[in-house]
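Q: Sharing a structure with you now.
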Amino acid sequence: MNLFNLDRFRFEKRNKIEEAPEATPQPSQPGPSSPISLSAEEENAEGEVSRAGTPDSDVTEKTEDSSVPETPENDRKASISYFKNQRGIQYIDLSSDSEDVVSPNCSSTVQEKKFNKDTVIIVSEPSEDEESQGLPTMATRNNNDITNLKNLSFFPNYSDNLSTVRQTRYSENLSSDLLKLIDSTSTMDGAIAAALLMFGDAEGGGPRKRKLSSSSEPFEEDEFNDDQSMKKKRLDHGEESNESAESSTNWEKQESIVLKLQKEFPNFDKEELREVLKEHEWMYTEALESLKVFAEDQDMQYASPSEFPNGKEVSSRSQNYPKNAAKTKLKQKCSMKPQNGFNKKRKKNVFNPKRVIEDSEYDSGSDVGSSLDEDYSSGEEVMEDGYKGKILHFLQDASIGELTLIPQCSQKKAQKITELRPFNSWEALFTKMSKTNGLSEDLIWHCKTLIQERDVVIKLMNKCEDISNKLTKQVTMLTGNGGGWNTEQPSILNQSLSLKPYQKVGLNWLALVHKHGLNGILADEMGLGKTIQAIAFLAYLYQEGNKGPHLIVVPASTIDNWLREVNLWCPTLKVLCYYGSQEERKQIRYNIHSRYEEYNVIVTTYNCAISSSDDRSLFRRLKLNYAIFDEGHMLKNMGSIRYQHLMTINANNRLLLTGTPVQNNLLELMSLLNFVMPHMFSSSTSEIRRMFSSKTKPADEQSIYEKERIAHAKQIIKPFILRRVKEEVLKQLPPKKDRIELCAMSEKQEQLYMNLFNRLKKSINNMEKNTEMCNVMMQLRKMANHPLLHRQYYTAEKLKEMSQLMLKEPTHCEANPDLIFEDMEVMTDFELHVLCKQYRHINNFQLDMDLILDSGKFRVLGCILSELKQKGDRVVLFSQFTMMLDILEVLLKHHQHRYLRLDGKTQISERIHLIDEFNTDMDIFVFLLSTKAGGLGINLTSANVVILHDIDCNPYNDKQAEDRCHRVGQTKEVLVIKLIGQGTIEESMLKINQQKLKLEQDMTTVDEGDEGSMPADIATLLKTSMGL
């Protein structure tokens, strides 16, 4: 019994004392040892009703001699539901889908409810006691001692002077062994815990800790679980007799779900499947996903029948595998709660919720259980000798950056650890860590957690390496045999169009991973035709007999392009567009459910797929064969709501298309892998998050461990990702040149920038939130681009005068001038300038053209545009800010340049027409685009110059924008010009972006020493096998 259950036990006893102080003592135990217990006869007469305040999962089998507090017979309820909170008890669930997101139940309980003094808070966190389904049954031999000892705990201040126990009237019922045990401890908590360990384990009735190497445990737990199952069946039968007709219908539905699940997993008992469904609130798809993960783990540990020449060896192995171990592991895998890995200090301060939440941040919190729990026993007080050496070696040799990976180890603590070196022995390490201010022995135990996490990642790497070797071996073998492997262009594709050689390699790679039951990421650089390769793959599946349905999820800006390309390349595929207003999507859903529509492929946008519960429900219930996600880097954050919702899409296979798989850090790449291969990676989510979440550093600052992490990531992603860059596959593609233009600010702009910088610098010390710091950065960026993005020229006096003049306008004659003034105060200079142009009475307040063009970047841009127009070049001009595009329109009109504009406000239906107009009308000189709206999936190869007026914090967004021109179909050399404000924050942004780009180079380049060796790259082998 851990202290959580002990506290709940006391609470129940205390309530029973208040409610039934005159209850009859149990005849089998005379005396005052159990003054609040019911008799055994009364207990048995009640039909095995569980004790009040205990959920069904905590009900245990009672022996004849056990004394259990119960609710009086008249007050007893017919059934106790697992999901109903008992009166006076608040359950707080610390489990959640993401480490960064607190469960809604938890937050509402903590923030909105005020607990009274009689309320017991039970923090619901998986523990070893949950495996034994509640409070353990004590051995009958020592049952009186333990019961008496627990009764003593209800005396006030019992723990202040434990010696007074001998003076109580209960001491006469205590055995000599128990009295000796009381003398050996200083608190009653310690006495009870020691008694449970001493007497409970002696008979096997104590708290059961899961031990992988135990030989006697399977039989004992098997018997316990079988009894538990029989009891649950009796309870279920009792509940059914009292339910209404509606409840009976619900029960029938639940039974049908159980039968449906049993068809998928015939080896599991119905009771086991019912428990899994209860854990997932009777959601069939979620329970199915969890069971698949469990089944996959079992397949990995025990060989399949195909590995043996006869079935006898397999059956003998399966017989040796204890039934209860499967049940235990099933419960661990399918419960959506984190399992404790290792925490030596868990017993200390166990009733502090803050400490529990704090500790849970470093527990293994993956969706389907932690792999640490499978490999290491939890909660052991003794440090194994094997880990002593590893910890000593790590703390002795690790760099400061590596030490900061230890949970709760800051940069300052890591610096202190390095100053304490050397650590010659385990005792010396313990002594130095304990006696140094700011450090504690906790760091040693947390270091073990880190080492375990690294072991998990290493196992995952080895697993991925095995898969990669199998794929390589098969392709090599097929290449040597010749023929039989090459997947030609599918015949149902448009015969007037043909795939390029590297696109055929991509199609063969997709077919290869599909045949091996894997999912993948097609990560070719932007402009290499990932869309065409995905369509060709769907055509290949169609010819193989897999006619769908498939789902394609795309950004809103590319949905028209996808529909066009599918109809052009493969008109055989019937496409259904799931897009439009809520009413339109409702009608489409009705047609899908009624099967009025015939389709092979559904095309929708990220927003339409998850925007409402009805949308999510459709794709959660609809059985899909393949789900393809275009611009897959939108799934780089595994903690986002979008990520969690899209994970629920019911598809057998997943394929991600992205031109930028690595953006800010390695964790984003791991998030993509977890999305496409959840069965393999979701059990190690927390370990992956911690091992790959550190920030990137410049090459000269990278430690050996940093480089090892990059090598580890490359090894993990190797079987699941295909990445080609243009320089490798398109020798005929014209080159792309980059040019940085440092733009000196105008005199007035520089003065305004420095004033803003100094003002923000003074207030920055008072800012604690990151959001406020981001706002500072944004204000500086806006001033570096153009002064009119702030309010400088329209002073408060001018605004008051303008607000009075606005009353003369027919639309504002009855308005309040104070409210008009407030609205004007939050507007920028350019917005106020546009307002003055709209209303006649404030026309005189318009800004002069000199002020509008007074920007350092505008001076440089004007000269560049004039030169390019003379050469006959065409320009695509990007900006992060739509208001900056408004000001750029004034510049282009002033210089009389023809232009088109596309941003986030442009209707989806109009975008494809604007793109076609620019590509066909060569007299249009400039295409204005916002980076976010126009940087994805748009083909603008008719232009050969890309100008980035202001760069993005994420350099891959800029790369996406650049490749609107530098892609298949481009015939001219592409020039990319980046305008950087000299002496501004943009110079620092440029340096950081270059560091992020370096990470991609590290991930995609070939390691030194690999050249000249046998080609191991799958793409290279496929190319060789196809004779390309």
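Here the Cβ of each residue, glycine as well, is placed from N, Cα and C on the backbone.
From Swiss-Prot, for reference:
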type	residues	note
BINDING	523-531, 899-906	ATP binding site
CROSSLNK	Lys77	SUMO2 cross-link
CROSSLNK	Lys84	SUMO2 cross-link
CROSSLNK	Lys337	SUMO2 cross-link
CROSSLNK	Lys473	SUMO2 cross-link
CROSSLNK	Lys726	SUMO2 cross-link
CROSSLNK	Lys998	SUMO2 cross-link
DOMAIN	158-200	domain 'CUE 1'
DOMAIN	253-296	domain 'CUE 2'
DOMAIN	511-679	domain 'Helicase ATP-binding'
DOMAIN	860-1012	domain 'Helicase C-terminal'
MOD_RES	Thr54	phosphothreonine
MOD_RES	Thr71	phosphothreonine
REGION	13-81	region 'Disordered'
REGION	204-253	region 'Disordered'
REGION	303-348	region 'Disordered'
MOTIF	630-633	motif 'DEGH box'
MOTIF	723-740	motif 'Nuclear localization signal'
MOTIF	1007-1010	motif 'DEAD box'
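For each feature listed, report its degree of burial, its nearest neighbours and the pertinent distances within the displayed model.
A: Secondary structure from DSSP puts Gly529 (ATP binding site) in coil. Residue density at Gly529 (ATP binding site): 19 other Cβ atoms are found within 10 A of its Cβ, drawing on all protein chains shown.
For Lys726 (SUMO2 cross-link), applying a Cβ distance below 8 Å and a minimum sequence separation of six or more within one chain yields Glu525, Gly527, Leu528, Leu733, His966.
Across the domain 'CUE 2' (253-296), the DSSP tally of helix, strand and coil residues reads 35 helix, 0 strand, 9 coil.
On the 0 to 100 pLDDT scale, the domain 'Helicase C-terminal' (860-1012) averages 82 in this prediction.
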Q: When you scan the chain for residues with a C-beta under 8 Å from the motif 'Nuclear localization signal' (723-740), skipping those not six or more beyond its ends, what do you find?
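A: That would be 501-502, 506, 523-525, 527-528, 661, 962, 966, 968, 970-978, 980, 990, 1004, 1019.
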Q: Expressed to the nearest Å, what is the distance separating Lys998 (SUMO2 cross-link) and Ala523 (ATP binding site) at their Cα atoms?
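A: Cα-Cα distance, Lys998 (SUMO2 cross-link) to Ala523 (ATP binding site): 17 Å.
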Q: For the motif 'DEGH box' (630-633), what does DSSP give as the number of helix, strand and coil residues?
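A: So the motif 'DEGH box' (630-633) is made up of 2 helix, 0 strand, 2 coil.
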Q: Which state, by DSSP, holds Lys726 (SUMO2 cross-link): helix, strand or coil?
A: helix
Q: State the count of C-beta atoms found within 10 angstroms of the C-beta of Met526 (ATP binding site), not counting that atom itself.
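A: Within a 10 Å radius of the Cβ of Met526 (ATP binding site) lie 23 other Cβ atoms.
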Q: Counting other Cβ atoms within 10 Å of each Cβ, which of the binding-site residues Ala523, Leu902 scores lowest?
A: Leu902
Q: Which secondary structure state does DSSP assign to Ala523 (ATP binding site), in the simple three-class scheme?
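A: Its secondary structure by DSSP: coil.
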Q: Indicate whether Tyr899 (ATP binding site) is helix, strand or coil by DSSP.
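A: Going by the DSSP assignment, Tyr899 (ATP binding site) falls within a strand, counted as strand.
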